[in-house]
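Student: Pulled these from TrEMBL:
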SIGNAL    1-23  signal peptide
TRANSMEM  225-253  transmembrane segment
TRANSMEM  259-283  transmembrane segment
TRANSMEM  295-320  transmembrane segment
TRANSMEM  326-348  transmembrane segment
TRANSMEM  386-405  transmembrane segment
TRANSMEM  417-443  transmembrane segment
TRANSMEM  455-475  transmembrane segment
TRANSMEM  487-515  transmembrane segment
Amino acid sequence: MDNSLTILLLSLLFSYSITLIRSDASDHRYKEGDPVPLYANKVGPFHNPSETYRYFDLPFCVPDHVKEKKEALGEVLNGDRLVSAPYQLNFRDEKSSEGVCRKKLSKEDVAHFRSAIDKDYYFQMYYDDLPIWGFIGKVDKDGKTDPSEYKYFLYKHIQFDVLYNKDRVIEVSVRMDPQALLDLTEDKEVEAEYAQDEEAADDQEETGWKYIHGDVFRYPKYKSLFAAALGSGTQLFTLTIFIFILALVGVFYPYNRGALFTALVVIYALTSGIAGYVATSFYCQLEGNNWVRNLLLTGCLFCGPLFLTFCFLNTVAIVYSATAALPFGTIVVIVLIWTLVTSPLLVLGGIAGKNSKAEFQAPCRTTKYPREIPQLPWYRSTLPQMAMAGFLPFSAIYIELYYIFASVWGHRIYTIYSILFIVFIILLIVTAFITVALTYFQLAAEDHEWWWRSFLCGGSTGLFIYAYCLYYYYARSDMSGFMQTSFFFGYMACICYGFFLMLGTVGFRASLLFVRHIYRSIKCE
């Protein structure tokens, strides 16, 4: 009965997530004159994509009846807060300039707008689920160097350009009338009227590695942590593969809001059993006894730092009253998914791994006493090896990183998932080969403690990606402010940590296959 209930819950959760992901604006068909939904979403500084606020947090004209759109989980995670816009655009109904509302702006409203214009605030709307972006105003510097002499103008006239294909809306854009401006330079009450209109490497000697055959398969220190890292890394690798599959079959497209976030939450929950199975089975192969503690460590190794980072950043967003702050209901949904899906699957995977009774396949018998490691030059120590191991894989993805960052932390749209998948495969191959090469050099120097070294070398690319974050923030972006800075470096730290675990797992698995292969070819006592 319990198994049936669990299967039913998983089926409902999976089908619900696919329904959310596959919502498609191309199914919307209209007749001439039909009302087409137009929602205002959010506003925020153009250079701080994570610092967004509700549309009517700025003192725009507020309709008599503001209708809030019910968002899906992924939309809420994306910071979307859609409400009905004060403009009415019917299907194929071309309009000339039409007044929408009049509002008297107080001194406080003027100061609020001026501050927003100074920070290059933009707005986002959705017309038939197609996104629209525009700026709320402009700063006229006119060759002036003193900021106190700048003039600040608010756009009063917005023009919608809509393209149709028979009974569908296929594209929409906005233009702001540069002649319809409201001067907000001084703190004084002003009268604002809003209007709209619409138009339809060197070789190394082999001496050394054969002499440590009795130590090379000696179990590593902190084997519970090592097994947990492998389990979490395998789960994240599986998650990444599933995300690429969904992307390549067309599930993610530019205007499918929140689909990626929904997929990440659901697939991570459903793949937690893989982490439990891999971690516990490998821990038992290493003759570990406390598999329950190992399972708890596996569950917290990635989720723990991610949860702490989320708590801090969500608190920051709440203080700023930004839309990036998740509502309490959404947090409850995520906690329920973690409690009812992630944790049970993790435990079931752990039990299956414990009962698998697999033995560690070592071609050579391990001696009773460990062999002393000879004195090695500084460049063969852990940190220089990690630097060498991370540089090559990072160089293979360096160019593509800019476009990904510009999409995630900017306003570009990334759609070439096939190229990204090829780059990911190259990353895996380079990581595996460079880690295997460094493992061979380590064994050739009669250093048999290769387990952790191979994992750290494989995962070191994550550290290079985080270093790139520093470069991107200060040299390639115009982000500023405490909230945007904390969001950027906080969530990128979690992403790079995930890369560290995933690529570390790839590096170790490749090294393990290589070490087994070379020691299988010699006669071991």
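Cβ coordinates come from backbone N, Cα and C, glycine included.
Any TrEMBL annotation is an automated prediction that lacks curation.
What you are looking at is a predicted structure, and each value in this text was computed from that prediction instead of being measured.
Context for these features, please: burial, neighbours, distances.
Tutor: Within the same chain, residues 51, 53, 224-225, 227-229, 231-232, 235-236, 272, 275-276, 279-280, 326, 338, 342-343, 346-347, 350, 482-483, 486-487, 490-491, 493-494, 497-498, 501 sit at least 6 positions outside the transmembrane segment (295-320) and bring their C-beta atoms closer than 8 Å to a C-beta of that stretch.
Long-range contacts of the transmembrane segment (326-348) within the same chain, counting only residues at least 6 positions beyond its ends with a Cβ under 8 Å from a Cβ of the stretch, are 6, 9-10, 13, 73, 76-77, 265-266, 268-270, 272-273, 275-276, 295, 298-299, 303, 314.
Non-local neighbours of the transmembrane segment (386-405) in the same chain are 412, 414, 419-420, 423, 426-427, 430-431, 434-435, 438, 456-458, 460-465, 468, 472, 476-477, 503, 507; each lies 6+ residues outside the stretch with a CB under 8 Å from one of its CB atoms.
Tertiary proximity for the transmembrane segment (417-443) is limited to same-chain residues at least six positions away from its ends with a CB under 8 Å from its CB atoms, namely 201, 204, 208-209, 212, 216, 240, 244, 247-248, 252, 380, 385, 388-389, 392-393, 396-397, 400, 404, 450, 453-454, 457-458, 461, 503, 506-511, 514-515, 518.
Residues 226, 229-230, 233, 382, 385-391, 393-394, 398, 401-402, 405, 409, 427, 431-432, 434-435, 438-439, 485, 488-489, 492-493, 495-508, 510-511 of the same chain lie 6+ residues outside the transmembrane segment (455-475) yet bring a C-beta within less than 8 angstroms of a C-beta in it.
Distant neighbours of the transmembrane segment (487-515): 50-51, 216-217, 229-230, 232-234, 236-237, 240, 301-302, 305-306, 309, 312-313, 316-317, 324, 389, 393, 409, 427-428, 431-433, 435-436, 439-440, 443, 450-451, 454-463, 465-466, 469, 473, 479; these residues of the same chain sit at least 6 beyond its ends, with a Cβ under 8 Å from one of its Cβ atoms.
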